[in-house]
């Protein structure tokens, strides 16, 4: 069965079409891996029965010669997307046993295109975190191990850590994520897979449990760039139910993978050469430049002068929006309720019992920066900085077509390693947050391994709505890097 | 302004979070540290910069004010911790 779980979506669609295997067999093979890799805690809720039903439906469609774009492809759904009739938790106690009565737009589009949902993947609570260690359903463990034999459990990155771990461990072929400050790109880099956050507004946020609405954007993880392109096509498009979803045509993303980067201008922002960056990260960044140069691209030095203010800007805007969005959890309409002496007491007790540490901390910060007398000094100030950061990118794209950076300042760290200091944890997102604030598309592709055998990713950023160039360059780097490493546990299973 | 426990207590009240004394002790230095860190934005002159709220310049569309959805009280109440005769139930508010 290993062959079935060791192929790309493009290959699987071809195999299904040629009836080399059935959708049921493909789904069963992935369910088997999902069961065998439960120790990774990548899934909060498994839905094998629904998956098998959907797979049988797919087989009927295939027999009838009526294949849809994702027919029979087993995927994981981040447990932040509401799924009709299937418990949706946001990895928080406060949602209790919330069962949505509706389907999120993105998951609905994927189902309509024939995708088979294997289950709901684990995440940091309300997508707040960079290591998937804030989930009320326990840590996700990366399928990767350091090669020094230490056997320490590593983080899969966050917040979409269940999705990145599942794709990497071969328990699904692709998995959805959401990216607010790097929650797709950083876990993709940590787990040695591809992941894209499209332009803000490309995918509908309707039915995605909100964290920071001006930043949240759905996206996808898969084994390679082409698979991401295939699945993103299905997820994208205008939705009147999300007022910030763009009414723009969705290109055939996979057609953009021409393998040709000749004449493209690739910007290298000098501000991303941060102090104390490991030599291995600098080296892989240089390799990326060399590959592109060999392919005929032109390397251009650029400056994004407000880069160092991106993280503090983000840590005002994101908590402010979080405190406002999470006000809805009041123990009245859904989720956890802890009884109190009166209404206010019930609110306070329910919320204190339902939210974990990181979420509570961000609600406190957000409430403070939005409170009377501080609103202008913090929130408006941050929105002004956000404009400067946004304009940095607009100016840079006068000189270049895409920007190349490392995805994260380190490889995956061990669980617990950065827990003592929230600020230290926030630094993980130093290269991904600026693009989130600007709303531009960004992709991470695996580019090599560090000395301990852990994957390192390169990030490709593009202009607003230009995912096609991002895909083209990412695909070129993927081919040049010839990254074929897989976690030891996947090798063993094969 | 540096943040102390009393400020965090007040903010927790605004956010309807019933935190214990030990929670307040734990969160105060963390919140104070993060707020102090974000204050570095003060060094940037933003006098003539307009705040940015929407990155993709999407105009909010008007739509006809007609009912296009609804009529499923049972679904709305399906996840309620407590409901009765088509209503959400909360602790007594008016004496």
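Including glycine, each Cβ sits where the backbone N, Cα and C put it.
What TrEMBL lists as domain 'Amidase' is A:25-470.
For residue A:78 (active site, charge relay system), the count of additional Cβ atoms within 10 Å of its Cβ stands at 34 [all protein chains shown]. Positions annotated as active site, charge relay system by TrEMBL: A:78 (among others).
Residue density at residue A:159 (active site, charge relay system): 35 other Cβ atoms are found within 10 A of its Cβ, drawing on all protein chains shown. As annotated by TrEMBL, active site, charge relay system applies to A:159 (among others).
Other C-beta atoms found within 10 angstroms of the C-beta of residue A:183 (active site, acyl-ester intermediate) number 37, with every protein chain shown included. Per TrEMBL, active site, acyl-ester intermediate is recorded for A:183.
Residue A:78 (active site, charge relay system) sits 10 Å from residue A:159 (active site, charge relay system), taking the Cα positions as reference. On the backbone, the CA of residue A:183 (active site, acyl-ester intermediate) and the CA of residue A:159 (active site, charge relay system) stand 5 Å apart. Taking the domain 'Amidase' (A:25-470) as a whole, pLDDT averages 96 in the prediction.
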